[in-house]
Amino acid sequence: MLSKLQRFTLMIKSTIIKHPLEILFVTYVTILLINNVSDYELIKRFQNLIALFPICFILLYLIRDTKAYWLFALIPIAIVFFFDQINLTLLEDSRYWATIFCVFLCLISQYWYKNNHYFVAGTTNKLVNIVFATVLSGIIFATLSAITIAIIALFDLNKQNNFHIFEKFGIFSSFWAFPVLFLTLEQQTTNDSRYLNRISEMLLNWILSPALIIYTAIIYAYVIFIAAKGQMPDGVVANVALPYLAFGLAIQAVQLLLKNAKWQWFYSLFTYLALLPLTLIWYAIYIRFSHYGLTEARIYLVIGTITLSICYTLLLFKQLAQYRLFSAVSIAIILISVFILDPKTVALKDQTKRLDNYLLKHKLLDVNNKISTKAVLKYQESLNENRDEAEYFYSMLHYVARGMPAAQFKEKYGVNSSYDLMSEIRERNTDPRYFEATNSELVRLTKADMANAREYITFSSQLYRPNSFSHQKIENKLCQKLLSQGYYFEGNILNIEYQYSETAQDCSSITQDPTEFVIYFKGLGTTIEFNINDILKKIFAKHHLSITQQHKNEVLEKIKGDLLKMDLGNSVLGLKHIELRFEDNIGYIVESISTQYIMLK
């Protein structure tokens, strides 16, 4: 055991010597992230560095044996110092994910062997090393966490302030241990087929190959079934056939590594058997496009299907059946599709056109060519139980609203968002005793806002009016009655707190005053405490409305701005959502709120 550990230590030392730039890069990034893990805003600032980390690491690894290795030291330096100059959120950009996938394909196709056996062996070895490195880095994280938990428990340390240490362990395991372990495992001979032969033979011959045969039989049985019934394939068949083709292509490739491969009669026919599922996918794509139009996900489905179609076509010709060509074709198709065609823009244009045609066809626009809430409500009522049609309309509306800038969507259709339209329709179609106001706009601050603010804190949370379910039973038939609820700001950490009073009454017998909804904020230099229903009374009085009289939603819409931006005197509470309810003999009360920010004057 000791000798194996010493050997592994020597392998790590050898890795550090052979891969100096990679080690320096992962070490610097790890230290940078660990030192900023406690601040969420700083972590958000480093998200582009996190996104570029795997690309830079793989690039350095792939050029390590070239003369340009030290010249490329400028790349990690540039990334480390200028990542925050990128005016894109890379993790939310489809072009980034296309790039990362292509870089990953370059990694597992590293030497681009013409010989299929060597190519598949190298690819498999890379994938296995990635899996082993993931498992080992997970073990390191679990070990460090277990030791820390033991120390905290045994020495009764402050548990609330120790959460960030586990985040640091996670960063260390992911950004340092994993890449270093991968480089270490890569030191082994990649062409040694014995490395995987025993396990892979059992796995492929007796588990995966039979599964693929059964999978094939199910697809052909489905085709016979629909042919006997005189039906056409359903669009959902793509969800079954696409994984089947990708799964089959991978298993067929790994057969080259087996010394005692079974089921060769099946694999000799597999390329031809795959043509029927491939046809089913193209038919399913046709159904989805003709009925529902383009979406970004459906365009990616086409990209994947085109790639598989080319790969299976190449397999039909022995001279072209080279797996390195499959990788090259995949990379080319992905880069062309994402960087030249831009699936997101193409899909948004198509869905916008379909939505415009739908609105015109069903007369859902007003005289100003904006969406008419009354017309939509009337149309929705005419659909009766036809939920599919209603879902189709709202799915188009949601897609366009998500893809289009909020200001452009409002200018074109006359509503803030699809959710605002649905909320307004729901209000007209539901209990008039309830009123909801929602703010879906982003928080944007001007210099004037900051000049009048001592501090501005954004936070998202939800609070509900205390009721009979808010009380807690304790021992000796006692009950804790909820008095107030609020927030305690401790540095960069926000804690939600609840204050109770103990009573000898049974919880079920306690009557709760519906006007009591006390909220407080602590840790802001001064304690802010208020009954939100008192603020509600002031808002109604400001607009000369009686709070004890029920009003139409059109009237309450006039006070929406003040409801969502509550003036607390020495501060302003911004809300994303507020729900009011009218109580007989009492008037309007606040049922729930969803916070957005608090501004200290």
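Just so you know, glycine gets a Cβ as well, placed from its N, Cα and C.
Feature annotation from TrEMBL assigns transmembrane segment to 21-40 (among others).
Per TrEMBL, the feature transmembrane segment maps to 46-63 (among others).
Per TrEMBL, transmembrane segment is recorded for 70-90 (among others).
The annotation transmembrane segment is assigned in TrEMBL to 96-115 (among others).
The feature transmembrane segment is assigned by TrEMBL to 127-153 (among others).
Look at TrEMBL and you will find 165-185 (among others) tagged as transmembrane segment.
Taking Cβ pairs closer than 8 Å, the transmembrane segment (206-228) reaches residues 237, 240-241, 244, 247-248, 251, 262-263, 266, 270, 273, 276-277, 280 in its own chain, all 6 or more past its ends. Residues or ranges marked as transmembrane segment in TrEMBL: 206-228 (among others).
Feature annotation from TrEMBL assigns transmembrane segment to 240-258 (among others).
The feature transmembrane segment is assigned by TrEMBL to 265-285 (among others).
Annotation comment: TrEMBL describes 297-316 (among others) as transmembrane segment.
Residues 94-95, 98, 101-102, 105-106, 108-109, 112-114, 116, 119-120, 123, 249, 253, 299, 303, 306-307, 310-311, 314 of the same chain lie 6+ residues outside the transmembrane segment (323-341) yet bring a C-beta within less than 8 angstroms of a C-beta in it. The transmembrane segment annotation in TrEMBL covers 323-341 (among others).
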Per the Cβ filter (under 8 Å) with a sequence gap of at least 6 from its ends, the transmembrane segment (240-258) is approached by 116-117, 120-121, 123-124, 193, 196-197, 200-201, 204-205, 208-209, 212, 215-216, 219, 264, 267, 270-271, 274, 277-278, 280-281, 284, 301, 304-305, 308, 311-312, 323, 326
If we call contact 3 or more Cβ pairs under 8 Å (sequence gap 6 or more), are the transmembrane segment (96-115) and the transmembrane segment (46-63) touching? yes
Which residues of the same chain, at least 6 past either end of the transmembrane segment (297-316), have a Cβ under 8 Å from a Cβ in it? 238, 242, 245-246, 249, 271, 274-275, 278, 281-282, 285, 288-289, 322, 325-326, 329-330, 333-334, 337, 341, 343, 346-347
Positions on the same chain near the transmembrane segment (165-185), where near means CB under 8 A and six or more residues out: 8, 11-12, 14-15, 18-19, 22-23, 26-27, 29-30, 33-34, 37, 53, 57, 61, 129-130, 132-134, 136-138, 140-141, 144-145, 148
